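Visitor: My structure is below; once you've seen it, I'll send some questions.
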Amino acid sequence: MATTKSFLILFFMILATTSSTCATLGEMVTVLSIDGGGIKGIIPAIILEFLEGQLQEVDNNKDARLADYFDVIGGTSTGGLLTAMITTPNENNRPFAAAKDIVPFYFEHGPHIFNYSGSIFGPRYDGKYLLQVLQEKLGETRVHQALTEVAISSFDIKTNKPVIFTKSNLAESPQLDAKMYDICYSTAAAPIYFPPHHFVTHTSNGATYEFNLVDGAVATVGDPALLSLSVATRLAQDDPAFSSIKSLDYKQMLLLSLGTGTNSEFDKTYTAEEAAKWGPLRWMLAIQQMTNAASSYMTDYYISTVFQARHSQNNYLRVQENALTGTTTEMDDASEANMELLVQVGETLLKKPVSKDSPETYEEALKRFAKLLSDRKKLRANKASH
């Protein structure tokens, strides 16, 4: 409940900063937000692969990457992992992973990450392989080296406060310049599934800071879109590149929010009679499912309401499958058969209409977004050259 209240407060703070003034022609803050969901991250990975392919086609550049087009990329849990993969630089200062590399990553490493530890008292998985592969892939890279602004959430169980890792916060909170592999493990350390993560950072003045972190979904309830928007709002206010924006208007904001699928069409429903027989563990699992589904719906509702009120509904796109069934609803079923089903879910989702009231498919909407992202990037490059 407290998390929901904080979301509402943040939402209305963002709303209060907007105005109905016309946007400066061509200037736009672009935001990508990716939900949590374990192995279901395959679904947004399919969407990202399609979008990056469209950007490469529109700009006739096979080396185009998502980080070249988005001012803010935010994620929680598996969405935080995707965020790191597409923003962490390689030795050539380019993203170490293209969008097309993400699904193969899940197929190669998912079965080892979600390999039952055998413990009946501790977490379902020991997390050792996950941490190992993150260290191998992300190396010693820290937040400040990300190729664009990031927003990755976690929750500190010692201070009982959310921890948000962003580049823009480092000047006032240098202790947050953590290694990306520590951040990625922390945001993915879902209670029950993985152990919490402890690490320390050291600032230039010799201070040491301790972190005891769990899944970012504890802080953002699975959907980090509001968090990503708040970071984008701050970026627009503080970054000289956006000096032409006097007061942020939603005509100047482009938000793409990717879900990992829900069963909110009620494949799993319960009656009061059934729930009356549940013990604490059964309630914990059910509450997690219910909370994730409800928060995903409500966050989308909050944001879409604001964009519509500002006559900017075409600047917000939520890509979500709301009718997962069977094994595809499970965040930790990394069997090859289930991962293949998740690929099919993502590919089928592209062909579905964005809403019941619109004939536009997600594929068509993403092509439209790719054109907007390309135009905005070219305009900014032209301004910079003059």
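Note: Cβ is positioned from N, Cα and C throughout, glycine not excepted.
According to Swiss-Prot, the record shows the following:
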type     : residues : note
SIGNAL   : 1-23     : signal peptide
DOMAIN   : 32-229   : domain 'PNPLA'
MOTIF    : 36-41    : motif 'GXGXXG'
MOTIF    : 75-79    : motif 'GXSXG'
ACT_SITE : S77      : active site, nucleophile
CARBOHYD : N115     : N-linked glycosylation site
ACT_SITE : D215     : active site, proton acceptor
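Explain the structural surroundings of these features, please.
Guide: Looking just at the motif 'GXGXXG' (36-41), the mean pLDDT is 95.
According to DSSP, S77 (active site, nucleophile) is assigned to coil rather than to any helix or strand.
Within the same chain, the residues at least 6 positions away from N115 (N-linked glycosylation site) whose Cβ sits under 8 Å from its Cβ are Y125, Y129, listed in sequence order. DSSP assigns N115 (N-linked glycosylation site) to coil, not to a helix or a strand.
Counted within 10 Å of its Cβ, the other Cβ atoms near D215 (active site, proton acceptor) come to 27, all protein chains included. In three-state terms derived from DSSP, D215 (active site, proton acceptor) belongs to neither a helical nor a strand segment and is classed as coil.
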Visitor: Which residue counts does DSSP give the motif 'GXGXXG' (36-41) for helix, strand and coil?
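Guide: When I sort the residues of the motif 'GXGXXG' (36-41) into the three classes, I find 4 helix, 0 strand, 2 coil.
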